[in-house]
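Beneath this line is the structure, given in structure tokens, with notes to follow.
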């Protein structure tokens, strides 16, 4: 277990380093400073290393050394060493958790790694960006005897982002739309297997300190969770508010059924830089409802976690 913990910590540090290396800062002054630093590093390489003579080989070597392959953070990258849930796994349906004694702790760890790669720009002459993303979320029974991973959710995704350049729409904060395909599964065998596919459309808005996105999807549920949309719905609303160095996020998801079978979830998040750091943050996440993870999509629970955020 010590080796596994060391490997996990090393992975977190590696991801954090990657995110730091690729963080985009809106300040022109900082961008210029970072550009100068990159040029200084390249100059150091040219002076102290036996570099290839042709320019293409040099650029290939520099990209390799700096790991500069255009990988960027996508969704939040975080580590919550303490995440409390009201779910009592011992009292759950034994068909779902036959070995519940391995997952008997209401306090566990949770972490997420999420990266994206922009594949092309303006391919269709619309200033659109086609991107590929991958997100992995893990619930880790860190405080159980054998410290097993209780569940891992995998989310590969591809999407197109189209900016709204019409001034009449842009004046009202309507800035972009996204079209995408998202697969989500937990890679487990029956009876724990869960998966579904979604084709989605998303509208993105900015106005002052606020940012909002509305996403609607058409879902194709797997055989193990045919009723997943009854609990997770057909879309979500995300709100972001920026107050100095604080960021507040709210996500609402609902099946929009008001006939007595209304279900969904709400998630509230807060983050703030740790000290003078610009890419490490204190992080609190609060969740209530259905779908905290795929295996629990049809089980209601409340969760609260505290830890560290590496990208917002």
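Every residue, even glycine, has its Cβ placed from backbone N, Cα and C.
Database features, via TrEMBL:
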ACT_SITE  183  active site, proton acceptor
ACT_SITE  185  active site, nucleophile
BINDING   146, 193, 224  Ca(2+) binding site
SIGNAL    1-21  signal peptide
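A helical conformation is recorded for residue 224 (Ca(2+) binding site) in the three-state DSSP classification. Cβ environment of residue 183 (active site, proton acceptor): 154, 155, 156, 157, 195, 196, 197, 198 lie under 8 Å away, each six or more residues apart in the same chain.
Cβ neighbour count for the residue listed as 'active site, nucleophile': 19 (other Cβ atoms within 10 Å of its Cβ, all protein chains included). Neighbour counts of Cβ atoms within 10 Å were compared for the binding-site residues 146, 193, and the top value is held by 193.
Secondary structure at residue 146 (Ca(2+) binding site), taken from DSSP and collapsed to helix, strand or coil, is coil.
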